[in-house]
Amino acid sequence: MISAISWVPRGAPKTVPEVAEPPLQESIEEMLRSRAMEKNGDDDSDDENMDVDASEKDDEVANALSAADALVKKSKMAKSAAPLEDLADGLKELDMDGYDEEDEEIELFGNGVGSLYYPSNDMDPYLKDKDDDDSEELEDREINPADSVIVCARTDEEYNHLEVHVFQEDVGDGDTNLYVHHEIVLSGFPLCTEWLDCPLKGGEKGNFIAIGSMDPAIEIWDLDVIDAVEPCLVLGGQEEMKKKKKKGKKASIKYKEGSHTDSVLCLAWNKEFRNILASGSGDRQVKIWDVATGKCDITMEHHTDKVQAVAWNPSRPHVLLSGSFDHTIVMRDGKMPSHSGYKWSVPADVESLAWDLHSEHSFVASLEDGTVRGFDIRAAVSNPSSESKPAFTLHAHDKAVCNVSYNPAAPNLLATGSTDKMVKLWDLANNQPSCVASRSPKLGALFSVSFSEDSPFLLAMGGSKGILEIWDTLSDTAVSQRFGKYRK
């Protein structure tokens, strides 16, 4: 399944991503020991059993390292032995002992059409220069400025990973090309992704993806590095288990300072304050992180159930929305930290939130009951006893609306994706929604839909079948007639 999709702005990726250096043996040993300790810490047996388990884990680590050593040695021996075996076989084939007995009329090195040699290696079509191999490999890794990059959080049974796709809009004759450029293996089940360009490694900008998962930690990976085995930054998470628990007591889980204590369900990067990342969790908390320092600056506890959605206002970057399974949406203003904020009540779990990219006062919330509700913050009231009503209520789908996306170029154009396996496009003009187009893309239940900022009418879609599809929405006649004038 594909649980989340993020577009990467054109020009942000390096033309040729770097290839990560393999980890040092010391790092491998430390990771193995750390994982053994973590598993040990989860065991609820008594102290005696724990000592036995610890011994077994140490044996596992030792065996793993011995096996790795043996593989390396075997590989080296194989490399050194192979040329000797090849040489021996070659001498047998040449039969040098019977060389003088060859028929004198046979020309070993002939001329003309039947020639068995070429005057130079450059002219021999069967010989390939190592530089050619290198250049071909380099070309395969290149990402051109006109290419679009889409990152998908994907799970295949027990295999969790990010797929970094490259999409080429025109490869000749109007054809397109979509392929996986590289993958990043993840340790936990990914639930949400968010692209950010905060320069974590120096320079003016970076190319990073933040990932929320079933674990309480937020991992940030460098998309310009291929074959990386660890994220470049981790926000929060569990402390390493180093001490054994006391007899008869369960191991207590200790979290890093400022960490979430449950799954990270949603993320939102602040494009104005580029070092700021917001997160919502199953622990009912909303957190504001400074990714430059790796610290949690603010923790908010204004919800009473899981926080499923967070969204920064693009026009007022200090204003943050959060939506929860407690059937409320809360807006907080960073310029008024002492203010409790504004609250809206909704009849079902909040699945996603999105600010209108063409109006700083409007946002929509998609709900588990299949509806989408629009709100105008100018009509909000701070009195908890008073209820702010939505500007409109749209019965969009038969099942939960998992995700929504505003078109960055065409005002009032909204895409919705649902577990009813349908994608729909809506015109929200005058707070009177009308369906412009609908499609069943055969992707299973739809978990993520997202318009591209660079090619605004390209809609990326992913769902339970684990397939990424790009829909050129302008290919639909009704969409083209109504919104074609906004084509870039």
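Every residue, even glycine, has its Cβ placed from backbone N, Cα and C.
Taken verbatim from TrEMBL:
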- 30-42: compositional bias 'Basic and acidic residues' (COMPBIAS)
- 43-61: compositional bias 'Acidic residues' (COMPBIAS)
- 131-140: compositional bias 'Acidic residues' (COMPBIAS)
- 1-62: region 'Disordered' (REGION)
- 120-140: region 'Disordered' (REGION)
- 257-299: repeat 'WD' (REPEAT)
- 300-333: repeat 'WD' (REPEAT)
- 394-436: repeat 'WD' (REPEAT)
Is it possible to list how many residues within the repeat 'WD' (257-299) are helical, extended or coil according to DSSP? 0 helix, 22 strand, 21 coil
Would you mind giving the whole-number mean pLDDT across the repeat 'WD' (394-436)? 97
What counts of helix, strand and coil residues does DSSP assign across the repeat 'WD' (394-436)? 3 helix, 22 strand, 18 coil
